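TrEMBL annotations:
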- 12-72: domain 'PAS' (DOMAIN)
- 122-176: domain 'PAS' (DOMAIN)
- 272-493: domain 'Histidine kinase' (DOMAIN)
- 521-647: domain 'Response regulatory' (DOMAIN)
- 574: 4-aspartylphosphate (MOD_RES)
């Protein structure tokens, strides 16, 4: 008997039977088909099998289907999801249809064998894990109804598991804020097919609890999303800690703002105090000068001369105290500016010693100098380095008895230059040594102390030394045994100011082919003679024609002598200069006119070459109209390349 001869009677069988044509379309199926696929039989007639079981399952079955079409019986088992998204194991028995009028069709006997399949151990273990998890685990369908919830969900909400199934969170009466967060995440997972991360809170009578959740889409064999898994875990404690941290951060920010406001008020107050103190001191000093130089009646009166000297000394001391106080304030607020440049140390030492000779002579203290340095250089702020040495010397003289001695020495030591100031004065007790460099620190603070001052000098010595990359140390064998202070500053190894120029001329600066500045007219403005000389030699060696000036006034006087076709091509200008700073010089040149109408230098490229090296310095220079900003000391090859880049493109190099 052929397979097809029994098909009409099979409509009452528990098995499903269908017939497929060569085009894989369903031409007949029994009503039991609905029990397997969840459809009415009439809805599947004429459909391709791939539309019924899904493309992936169809491709899996296709070899067996083709074998049956060719007259060979076959069997294939696939896994499908029914309309409730449950996995079903379906077995297809494929037989060739022998009826002549069916043109090579096949008959498929379909059986649901899910109940015969052993439950995988992994599913059992997974369910055990889920049921015992302290986290919320649930499965929801497209209507936001719960298909499954674990024990933790039941316990947390106080709603029995069976009451969850088939209902939404809104139907269960959960708080609106909770429902809204869940529904948005679940819907987004269905819409995008991507895992959604969300947060929600669950208000309760005792306290609101906070959760972090994920919505994970589940796809069936056909690739369609049938449900979404919702996972959530309690982050209440983490949220509490985060809130405490945020509150702490807010309080810290408020305290910092308050401290910064107080610091600004302090700085403004000190600035006002400084101005108000300087004004009368300036008057006192001026009148003392008048008395000393223009009032003839007192020039021969020793007492009057002594009084004048006392006034001048007092003014000088008060000015120094004000400067020290302002310097400490600048250090505390990070606003102390250093102008770092190469300097020979010996002239700085000699200048500092000269400034205290009168102080030493007045106290009959002998100064002894032992300099074992000649041309050695440091990279530093010359005024601040002298301030360090001056503070140490004046401190030594102050704490040395009349007819005592102060020694100052300088020598190289392991890449550093060590400057030592030693005295045979009152010494320092071992207990006070650790506090010596603190602000406002003085060993004797009683009302009967023998020495005046604010206790700022050594604090400045330490911090200025450190800002120069150096350090300071102190040694004393105790009271009455004298004291030795040693400041160490990094040695600048390039001591020959023409070394860079010589290196350029000998072609040993680098292996780069440096551009020629031939024919380029450069205006160089710098108030330091040494800087003008060395830069002029360097740029001349590169082929440029240089005119160097020390100030803006010299520049305008020189410009007035030039022919219209002899104007400079490029400006190189220092910033910190006494008469006019570099910004004022640039403004003057931009507006300079030989005839009251034309402004030939309005677009002249300008380079700021300065020791001001901070980011805000560069921004200020560029904002002021300079095209480039380089910091001293500048590498010669960098300067040449930058100047060449800035030069007008239409210049004609000299022969």
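Each residue's number is its place along the chain shown, starting with 1.
Every residue, even glycine, has its Cβ placed from backbone N, Cα and C.
Where the annotation comes from TrEMBL, it is an automatic prediction and has not been curated.
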Neighbour tally for residue 574 (4-aspartylphosphate), based on other Cβ positions within 10 Å of its Cβ: 23
Averaging the pLDDT values of the domain 'PAS' (122-176) gives 83
In the domain 'Response regulatory' (521-647), how many residues does DSSP call helix, how many strand, and how many coil? 55 helix, 23 strand, 49 coil
